[in-house]
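The next block holds one structure in the form of structure tokens; read it before the comments.
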Ligand code: SF4
């Protein structure tokens, strides 16, 4: 007789790679656990963490502290922390939160059944932060019938940007064999899927060290030929490794969507060099121009850091000027925060918090102007939308994305979820669009 399954609750912080890892966790533990969205009913509560900024790490530690009460009320519940904070802190997390049962790094997710068994057998908390050379993968879909899917194609990073903790918590760069990636995408398309986003810390350097010798543009070309693939996206691209061959893919491959996330981080050559980014402002702008030449109207989004050590008012002005010149359609922006082990944390000319906050406020005002202007340019246009689900703001409305990645909300029946529809854009908000379903 089958044993009844237990409840698994996963709280995910951070980037899309963490979202993918959480899906993998659900599949790995799927034999014994069903996912629940009710944390108070969890038999196993896992927190998949991000340590990219100090604030994200603080959020995790505060949640772990608050969960002590739930653990007291449900003593049989197992509580685990995985991902980047777990990788970074390891045993130290147990000292700070002795009510934890499991601490596992990003690679530890594939050993979770074994780690849980070890925890139950020994009665003691278990810590696993080891790295492995390969990138395992569990096939299957957490949400059968979903129209889009994330697919990790590589992990880790060898770049060591001086502010970034990723090379320390995700390890060196490793790529998944192309055949395995293609199989995963094909499985998804056979189940009716339409849109795939390829993930990696620096997808542009995909393929290094693989026996099949396929580069990232080569992988895109192979995937673009798969029947049923309507939309193909990727993130994140390092500007230094954005080759002309890759830029040309935007004109050549019909499923490749006209959007690229290209983190610039700063607009001053002095700061870019201190960040160890490997490109200048001029080189970045040249690649943006080339992208726009090959794919007119391509949507461009970015990441920006303000208050990096040594950033002068003139450096910051360079960042604002670059933002105006590119006119980014959207951006993620943050105050610099020193991360453990990174080179920039040891720099002596750290910027005072009030200065960082003031610069961030100015940068936000500018980006909001740019984002709104970009969305306003879409008003009156007919756009194809992949319907993803119900709108977060207006639950009666549907929500989907344009090929250029903007979110649009509109009225329609729920049976349109998972389908491609035409929408006339009627309204531009800061972070989304409003529209009406119609034929072009
Ligand atoms: S390229 Fe730089 S910012 Fe991106 S993951 Fe690697 S070290 Fe971090």
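A Cβ is built for glycine as well, from the same backbone N, Cα and C atoms used for every other residue.
Note: TrEMBL annotation is automatic and uncurated.
For residue 50 ([4Fe-4S] cluster 1 binding site), the same-chain residues 6+ apart in sequence whose C-beta sits under 8 angstroms from its C-beta are 13, 14, 15, 18, 56, 57, 60, 83, 84, 85. What TrEMBL records for 15, 50, 84 is [4Fe-4S] cluster 1 binding site.
Every protein chain considered, the tally of other Cβ atoms within 10 Å of the Cβ of residue 164 ([4Fe-4S] cluster 2 binding site) stands at 21. The [4Fe-4S] cluster 2 binding site feature in TrEMBL is assigned to 157, 161, 164.
What TrEMBL lists as domain 'MTTase N-terminal' is 6-121.
Annotated domain 'Radical SAM core' per TrEMBL: 143-373, in sequence order.
Mean per-residue pLDDT, taken over the domain 'TRAM' (376-439), amounts to 93. Residues or ranges marked as domain 'TRAM' by TrEMBL: 376-439.
Among the binding-site residues 50, 84, 157, 161, 164, the ones whose Cβ sits under 6 Å from an atom of ligand 1 are, in sequence order, 157, 161, 164. Sparsest Cβ environment among the binding-site residues 15, 84, 157, 161 (other Cβ atoms counted within 10 Å): 15. Apart from 157, 161, 164, the [4Fe-4S] cluster 2 site neighbourhood in this chain, defined by C-beta within 8 angstroms of the site C-beta centre, holds 159, 160, 163, 165, 166, 167, 201. Per DSSP, the secondary structure of the domain 'MTTase N-terminal' (6-121) breaks down as 64 helix, 25 strand, 27 coil. Listed in sequence order, the residues 13, 14, 17, 18, 49, 51, 52, 56, 83 complete the 8 Å Cβ shell around the [4Fe-4S] cluster 1 site centroid, once 15, 50, 84 themselves are left out.
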